[in-house]
């Protein structure tokens with residue numbers, strides 16, 4: 001499959017998904033991945049059949065762990081070394097100290113898969129992950145890491161995107177492994193989908209084609225409905241924020257609403273994602289260097305729309321409503337201006353302080369609309385501020401909430417999912433920075449505390465009494481450095497796993 005067919009016959013490039021299996025042995029694998037663990041007596045190999053280890057050591061003329069260390073292997077999480085293995089290859093990957101946790105296993109499996117993919121040399125490989133997984137949960141985590149580690153940015157060339165790895169087999173005899181393996185497959189597929197969307201060039205992925213691709217992703221899912229509001233429907237509905245941001249582009253904006261409503265569900269989770277398919281900054285135009293990666297500014301919408309597909313496929317017993325607020329922020333004669341006053345969906349008037357602070361504007365319309373679904377918990381997620389990146393770096397996302405209960409719920413879900421968040425406050429002093437002399441509120445203010453200021457703005461559009469969390473994923477959503485563990489370059493799909501885990505917690 002070369003791509004996802006969308007409404008205008010454009011194909012969005014996608015990454016092929018490897019097959020996923022569980023087996024008691026690694027027979028037939030081109031590459032075997034095992035662990036290097038730091039035990040009380042020094043490094044040891046974790047996984048691999050004892051007979052195979054014995055035969056290999058007879059060939060090497062030394063203990064396998066010694067051979068690995070001499071070749072550059074290490075127990076450091078994610079480090080890899082490749083050795084010959086019965087005519088094929090063995091990847092030994094560092095797992096840390098004995099008794100390592102789930103996230104260490106996920107990272108190690110991802111690192112092993114990336115190292116295995118580098119051995120393909122144009123052919124698709126069958127890979128076995130034999131890391132001593134003894135429980136069904138460990139099987140799921142190892143499978144997640146390995147599948148996510150297989151991902152590479154889809155190419156747009158005359159040749160197809162053939163996968164370096166065609167099959168991933170988790171070696172384990174754990175009881176109940178197959179259902180957990182299916183969970184891993186569904187979750188990885190959702191992360192792949194979010195990555196595919198983020199990686200797609202903005203001339204291929206714009207509001208109309210993004211919406212069409214979401215419809216394809218959600219097609220034929222039980223208890224799922226998809227509604228797309230185009231420019232005319234947005235005008236009739238009073239979505240002034242989305243229309244203002246998208247007004248400068250030849251590609252008109254969209255609001256995508258996806259609802260998953262399983263019979264018998266008693267709780268509702270609302271998800272709102274920023275979907276700026278390209279952010280030039282508008283009339284407050286970005287520099288060339290800061291504009292190049294701005295196809296990624298729809299990472300929040302990608303996360304919520306991919307996540308709801310996974311939630312439905314998992315059959316979780318919770319009602320979920322996801323909103324993708326889609327627009328392209330471009331400068332033109334029809335674009336909005338600094339100092340414009342925009343009337344939002346809920347009637348709030350907003351003075352535009354900077355056309356490059358557009359994400360909060362589309363999100364505000366989405367939040368106000370989502371509150372009408374009477375959710376028990378509402379989460380918005382966006383690549384919102386450079387200020388959050390300055391504060392927390394490229395691997396940690398910021399979370400700001402309505403209170404301790406919402407923060408604890410979100411952080412528990414993120415920890416279980418293996419995604420790193422850090423809570424920031426919203427202070428009264430920060431809120432004062434939103435004052436406008438001519439409108440109800442101003443969209444932006446001082447640079448200091450910019451992440452908190454944006455969160456304070458968004459909270460104005462959340463109905464009091466609803467638990468709310470704002471996730472600023474500007475740092476970890478897009479990787480401009482080298483690939484590491486299960487994280488590829490470019491789109492990471494960050495946030496998908498946390499949102500799915502949150503839904504699972506709410507489903508009980």
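From the backbone N, Cα and C atoms, a Cβ is placed for every residue, glycine too.
As the structure is a computational prediction, the values presented were derived from the model and not from experiment.
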| task | Return the residue out of 279, 420, 428 that Swiss-Prot annotates for the same Mn(2+) 1 site as 356, 358. | result | 279
| field | Residue among 230, 297, 380 sharing the Mn(2+) 2 site, where Swiss-Prot lists 274, 279, 358 as binders | value | 297
| task | Show, in sequence order, which residues other than 279, 356, 358 on the same chain lie with their Cβ within 8 Å of the centre of the Cβ atoms of the Mn(2+) 1 site. | result | 245, 276, 280, 281, 282, 284, 286, 297, 329, 355, 357, 359
| Listed in sequence order, residues not in 274, 279, 297, 358 with Cβ within 8 Å of the centre of the Mn(2+) 2 site Cβ atoms | 245, 275, 276, 294, 298, 327, 329, 359, 362, 382, 383
| request: Check each residue in the chain of residue 286 (active site) that is at least six apart in sequence and keep those whose C-beta is under 8 Å from its C-beta; list them in sequence order. | output: 279, 280, 294, 356
| query | Tell me, by DSSP, whether residue 286 (active site) is helix, strand or coil? | reply | coil
| Neighbourhood of residue 274 (Mn(2+) 2 binding site), C-beta criterion under 8 angstroms, separation at least six | 297, 298, 299, 300, 301, 325, 359, 362, 363, 380, 381, 382, 383, 384
| query | So for residue 356 (Mn(2+) 1 binding site), how many other CB atoms are inside 10 Å of its CB? | reply | 19
